[in-house]
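J.: Dropping the structure in here first, questions after.
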Amino acid sequence: MSGAGRPEYTVDAQGLTLGVVATRWNAEVVEPMLERALAAAEQCKVAETTVVRVAGAVEIPVVAQELARTHDAVVALGAVIRGDTPHFDYVCQSFTHGLTEVALRTEVPVGNGVLTCDTLEQARDRAGLPDSKEDKGWEAAVAALDTALVLRKLRDARGQRDGRPRPTTT
């Protein structure tokens, strides 16, 4: 099991906002992941969660970028299942690169909860279903919120928030 050894934890994200972008493709896998991501946000005491739907994985990065402008953390959810053509590889490379670019350019963490699996069964096994071995929706949400808190702490320590100098009082 690839999830062996992963930490089970939540964070106190009270006051943080979370943007979630989820695909419509492979709904039987994505919907439970979305439910679990929202449950994680609630347990972490997120102040506000916005959910946006897109067609597929290639559309995720541009919407994640827009969410990053108004949220403390973003989560991307979807499932790309390998087919008989190289399209799978192009899609996976495209959205993965896009999500990394969004996080680096906006300085807002993006939790990657987009499954890239050879089979639907592999995706179901990671979707947080009652019989799943893993819970990638939950994990992606907590990871994004945790990273947002780490960034906030680092920025506060040097007198900055959101990458901008904070005003000093005299």
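Note that Cβ sites are derived from N, Cα and C of the backbone, with glycine treated the same way.
Predicted, not measured: the structure shown is a model, and the values here were computed from it.
I grabbed these lines from Swiss-Prot:
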ACT_SITE  His87  active site, proton donor
BINDING   Trp25, Ala57, Val58, Glu59, Ala79, Val80, Ile81, Asn112  5-amino-6-(D-ribitylamino)uracil binding site
BINDING   Asp84, Thr85, Arg126  (2S)-2-hydroxy-3-oxobutyl phosphate binding site
J.: Looking only at Glu59, Asp84, the binding-site residues on record, which one has the least crowded Cβ, with the fewest other Cβ atoms within 10 Å?
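T.: Asp84, out of the binding-site residues Glu59, Asp84, has the fewest neighbouring Cβ atoms within 10 Å.
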J.: I'd like to know which of these binding-site residues, Ala57, Val58, Val80, is least surrounded, judged by other CB atoms within 10 A.
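T.: Result for the binding-site residues Ala57, Val58, Val80: minimum number of other Cβ atoms within 10 Å at Val58.
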J.: Which has the fewest other CB atoms in a 10 Å radius around its CB: Thr85, Asn112, the listed binding-site residues?
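T.: The binding-site residues Thr85, Asn112 were compared, and Thr85 has the fewest Cβ atoms within 10 Å.
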J.: Could you check the recorded positions His87, Arg126 and say which one's CB has the most other CB atoms within 10 Å?
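T.: Counting Cβ neighbours within 10 Å, the top one is Arg126.
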J.: Find the one among the binding-site residues Trp25, Glu59, Asn112 whose C-alpha lies closest to that of Asp84 ((2S)-2-hydroxy-3-oxobutyl phosphate binding site).
T.: Trp25
J.: May I ask for the distance between Asn112 (5-amino-6-(D-ribitylamino)uracil binding site) and Arg126 ((2S)-2-hydroxy-3-oxobutyl phosphate binding site), taken between their Cα atoms and rounded to an integer number of Å?
T.: 13
J.: How many other Cβ atoms are found within 10 Å of the Cβ atom of Ala79 (5-amino-6-(D-ribitylamino)uracil binding site), counting all protein chains shown?
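T.: Total other Cβ atoms inside 10 Å, all chains included: 26.
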J.: Taking the Cβ of Ile81 (5-amino-6-(D-ribitylamino)uracil binding site) as the centre, how many other Cβ atoms fall within a 10 Å radius?
T.: 17
